[in-house]
């Protein structure tokens, strides 16, 4: 690694010294170790980098791209390499490139003479390098302390040592002239090369203003203080120079201004002078004009309609809000209302907002509801007394009289307000892709849904389906009670039709339903059911009376009086505990007289009586009498019935049985 560092240091010795001096002049200190590490990485991933170095900004941008690609492939690029690369890239931006080329005519006059003499003897490549010597500029020129200016001039401005003259002069307020109109005098060194110690020598002098690019004709001039209440820039305190213009990105006072965007400003200025307002479009602003301009003296000042452009950030926020949250989300509605009521939007502005924010299907919905709202508004304008002179072409921004931006900018305030109301109403009717707007009658509160969420869904559906505001309010108040769950209905019922005038009905309903469905509400309902406590103006108790004491609130089996009597009777009748298990059920230690079991320990059902008698034989009933059985062959020798019963009675188990009446008769 040591040989590699020494090799890199010897290979890029001159280029490294130039970079270090350049960065030091700009107030940035970079160690030689970090620069060598940077060029090691460059030599590894950018083998095309020239040994003598380069001042071309495109080459350093290419280095950054290739280092990023190497990082994506898994190669480790130290953080110090990225920092040093960014600093060097920023330092080389003022140098000559194809994108930011500077002509030779913009250089000082004395430099042009020497340059023209040398270009006759050298090639075109050497000439370009000479041009760079005069127009190159170090970055961050404010930091001028601890710098060897003689060494810096030899490296960056070698030809300036040949020039003779005084040092840089500070231009006072009275001598301020644009740098683009007159070249720098011969022998004058750029202000960025002069130490700031000269400024600190005389502390009693008032502060002076430096000259910066752009030239005076392209600099921003604040409007003067208006007599109609529009404040201008406050004047500078007495005894001080005017406020200096802020420095631009180019800090070299000898370099010409950047031409980036200047063509656009020239076109806009030209169009303003010619009266073409389409070149500087977007929301209209009304500014008062002095009495002498467009109005006679003594008359109130007239207003002038001017267009101001929407910011790109506003359009970007609209697009991202519609994409992430939907066109009718609370965020988008708030943002759209702020834009609609904060600007004087004409029909063309609404179309631009819708096209840039909505999808094609959503824009088609917006346009459809816009046209529908315009037709309804035109009917109202004609039916008004007196009729309002606002037609459909004006509200849509079409037709011969209202198709251009300049024509729409002159619309009256009443038409602007109607366009705003129609477009906001059309925006509210936009549906998200794949979703259909339900009927307000089908929106019902869930059993566990909070009441405010239910009301919000109901209002959203009603706003999309009902156009009239008064009818929408009545429907929402009605459905907020009818479609609520039973718990919320019971809480709202005492308030229905009794809300005082001037109060919001929905707000009172939400207050009444606050806390329903929570743990506290459930505990209160349980306590109410047990004790009959008044809750919400209602008393919930058992419907019947106790058959024992006649009181309301409990049944007979739970009557405290009856339970107290039973305990007293049991204590008086039974003086001792039962000795063993119940002889009836065999399951518990209690007396048989107090046994209430329906089954015994084996699961057999128990009768209601305590003792049972002897089992009885079932009696046969029928239409035919019972005939005794006589074997065949003995039918004629049947003994009389009395003999049969006498033989039976002689048996020991039937000694005491009386004879039947039929046997006695025989």
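Cβ coordinates come from backbone N, Cα and C, glycine included.
What Swiss-Prot says about this one:
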COMPBIAS  232-247  compositional bias 'Pro residues'
COMPBIAS  604-622  compositional bias 'Polar residues'
COMPBIAS  624-640  compositional bias 'Low complexity'
LIPID     2  N-myristoyl glycine
REGION    165-264  region 'Disordered'
REGION    598-641  region 'Disordered'
ZN_FING   544-561  zinc finger
ZN_FING   580-597  zinc finger
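Looking at the zinc finger (544-561) alone, the prediction's average pLDDT is 80.
The helix, strand and coil residue counts that DSSP assigns across the zinc finger (580-597) are 3 helix, 0 strand, 15 coil.
Here the zinc finger (544-561) has, by DSSP, the following mix of helix, strand and coil residues: 2 helix, 2 strand, 14 coil.
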